[in-house]
Amino acid sequence: MKCQVSVLLGAALLCLVVLVLQPSTVRADRLQPKGYKQTVEKLQKFYASFEQQVSREFRRWKQQGSMTPHFRHLIAASAIGKSERAQEIRELPTAREGPLCAICRGFGGSVLEFRREGASREEVFNTTVELCTMLNLQEESICRGLIDLNIDTILYIVDNRPELSSASLCAVVFQSGACVLDDPTFTEWQVELDPNGTPVTASKAGTPQRGPNDLKIVQITDLHFDPNYRPGYNAECGAPACCRESQGVPEDPAAGAGHWGDYRNCDTPWNAVEDLLDRVAEEHADADFIYHTGDIIDHGIWETSIGYNVRSISRVVEKFRQTFGETPVYNILGNHEAHPTNVYELGEVTRPDFSTNWLYHLSADLWSQWLPQAAQQTIRLGGYYTALVSPGFRVIALNNNDCYTFNWWILFQPDALKGQLQWLHDVLLQAEQAGEKVHILAHLPISSDCFSVWQREYRRILERFRDTISAQFHGHTHKDEFNVFYASESPEHAVGVAWNGGSGTSHTNVNPNYVVYYVNPETYEVTDFESYAYNLTSANMSPDERPAWFRMYSFQEEYGLSDLSPAGVDEMIQRLGTPAGRDELRRYWEYKVKLADASLATDCTDECLLNHLCEIVTNQADDLRKCQELSETFFD
């Protein structure tokens, strides 16, 4: 945001917020500058001032029927750039945290007041569509569809939680250090932890390199099947999902969708879904299990319906059934499976039109052939389950989409998040007592967009049961990456590793991929994994031929680790955090984007590489201790 000379307080405030959060010496755009917390404390009065000013102008608009030039200037100064639409909040630089928090509190707070002063659904709808469009959050048709799908849930929460403030709402959604959450309703709940754990005194060591008897597990995630995908149709439409039939054929053929997918904001055509699953079955027929970690539904988030989602989910799961036969498939839900997208009911809500039961019952039925009967109860209750795979080995499949910061129900009853976490704790306690080892499947990486208090409680559970939990597997980010967990009180000690399977979709600027893990049959720890992908540019040049899948890399071979335990991977992290590890870190980034031409063309500077290193070691919002530590050695 460029700071234009202006007499308007609002524009000046937004410029000030950018300037005070901007590091004086740029090292990593998501690394907090020195004095960040003190600066944020001072900014709270600026937020309040901006909120009051927007509220005053908003009231004049509603009373007079037209916007003043002052209000239009405030909106223009607050409008986001189109490039920010496609970014997850976690991907935005620290300097954007303050302005986004101010914008949310200013305009969101005004709409909140508007409803509480008696505005009808229609009035709130029309007002928010207009603001959404003028603030450039999306094109008008996208704003209209998204708001129509979500407005009833949000109004119910606003109407039934009169104490909910704009400050709390924005702090939960944006979850940045610049948006302070000081409402104890959101923060003062805890999982009841078994007291018999041992203190963390060292990093968790593990199994040596892979052996001939290792189990073989394939992870497939984030297929994002789009039944509306059409080759040749507009891939540069500006919407969250392009390449769709309704968006037409562009005049420029270069803007047309490819046969096997597209690097732009486009999801996966059915032929590409089929090819990926068929390729896994053909090349890895000896796989012991399949982990399918969610997000079947496409990014057409402004026009989903229950019927639409049911058809896509059923078609994809049936393809898994046909393709893998007797091989067990362990499925979990993604945030896109819900309707509206991201919205999983929480708390004591009795309205049937808000219920997520349709999805839970559908999942219980579709997954039943691979699971024990006992799993049905918790799937129908909340979309999660556990299964004893073999004596001594258990899978726990979470539905942690409830913790997604865009799940509006967190705003209604945040302590309802405790329910599934307490169940997770209790299952792990039983597994510990039975001498079992556990794999945890969760769609959202713990570090990625989960509500910070949920992150805090999950970390407590992980530390307590670090010897029982042998591995964690995530999806959602579409990146071939991993996360290392460190002890909360002793951050020098690594206690867990979570592996991310990437994505079957190329949305956005990545190649499709899947991952094959090798797992020790006694400890159930990952000893190595191989990531397979195809180059989308090459595939689309030969639409009549199947894509040329290749093994991108073996993690063990590429990084030369003694083992893939938390201790072993932490050694690698320390190496990457020095100038001597720069080339190795660059290779990590290249594999993270799966060697996609569209990403490699943009390159990644040293500051960019530091960001990616920080993402490996950050597992709780605003806990950047490990990131700060690595930054101190990075430029030596």
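From the backbone N, Cα and C atoms, a Cβ is placed for every residue, glycine too.
Marked as signal peptide by TrEMBL: 1-28.
Annotated domain 'Saposin B-type' per TrEMBL: 97-183, in sequence order. Helix first, then strand, then coil: DSSP counts for the domain 'Saposin B-type' (97-183) stand at 64 helix, 0 strand, 23 coil.
The disulfide bond feature in TrEMBL is assigned to Cys132-Cys143 (among others). Cys132 (disulfide bond) is surrounded by 19 other CB atoms, counting those within 10 A of its CB over all protein chains shown.
Same-chain residues at least 6 positions away in sequence with a Cβ under 8 Å from that of His224 (Zn(2+) 1 binding site) are, in sequence order, Asp267, Thr268, Asp295, Ile296, Ile297, Asp298, His299, His336, Ser503, Gly504, Thr505, His507. If you look up TrEMBL, you'll see Asp222, His224, Asp295, His478 marked as Zn(2+) 1 binding site.
Summarising the annotation, TrEMBL assigns disulfide bond to Cys237-Cys242 (among others). Over all protein chains present, the Cβ of Cys237 (disulfide bond) has 22 other Cβ atoms lying within 10 Å.
Sequence-distant neighbours of Cys266 (disulfide bond) (same chain, six or more apart, CB under 8 Å from its CB) are Asp226, Tyr229, Ala235, Ala241, Cys242, Cys243, Ala257, Ser506, His507, listed in sequence order. Taken from TrEMBL, the feature disulfide bond covers Cys243-Cys266 (among others).
The annotation Zn(2+) 2 binding site is assigned in TrEMBL to Asp295, Asn335, His443, His476.
Sequence annotations record features per position, and here TrEMBL assigns disulfide bond to Cys403-Cys450 (among others). Note on Cys403 (disulfide bond): other Cβ atoms within 10 Å of its Cβ, all shown chains, come to 27.
Cβ contacts within 10 Å of Cys608 (disulfide bond), excluding its own Cβ and spanning all protein chains shown: 16. For Cys604-Cys608 (among others), the entry in TrEMBL reads disulfide bond.
The Cα of Cys143 (disulfide bond) lies closest to that of Cys237, out of the recorded positions Cys237, Cys403, His476. Nearest to Asp222 (Zn(2+) 1 binding site) in space, judged by Cα atoms and limited to the recorded positions Cys132, Asn335, His476, Cys604, is His476.
In sequence order, Thr221, Asp222, Thr293, Gly294, Leu333, Gly334, His336, Asn401, Leu444, Gly475 are the same-chain residues whose CB sits within 8 A of the CB centroid of Asp295, Asn335, His443, His476, the residues recorded for Zn(2+) 2 being left out. Note on the domain 'Saposin B-type' (97-183): its mean pLDDT in the predicted model is 94. Applying an 8 A CB threshold to same-chain residues 6+ apart, the list for His478 (Zn(2+) 1 binding site) reads Asp222, Gly502, Ser503, Thr505, His507, Thr508, Val510.
In this structure the alpha carbons, written CA, of Cys403 (disulfide bond) and Asn335 (Zn(2+) 2 binding site) are 10 Å apart. Summary of the Zn(2+) 1 site environment: with the site residues Asp222, His224, Asp295, His478 set aside, the chain residues having Cβ atoms within 8 Å of the Cβ mean position are Thr221, Leu223, Asp267, Gly294, Gly334, His336, Gly475, His476, Ser503, Gly504, Thr505, His507.
Using a 10 Å radius centred on the Cβ of Cys143 (disulfide bond) and all shown protein chains, the other Cβ atoms total 21. Cβ environment of His476 (Zn(2+) 2 binding site): Thr221, Asp222, Gly294, Asp295, Gly334, Asn335, His443, Leu444, Pro445, Ser448, Asp449, Asn500 lie under 8 Å away, each six or more residues apart in the same chain.
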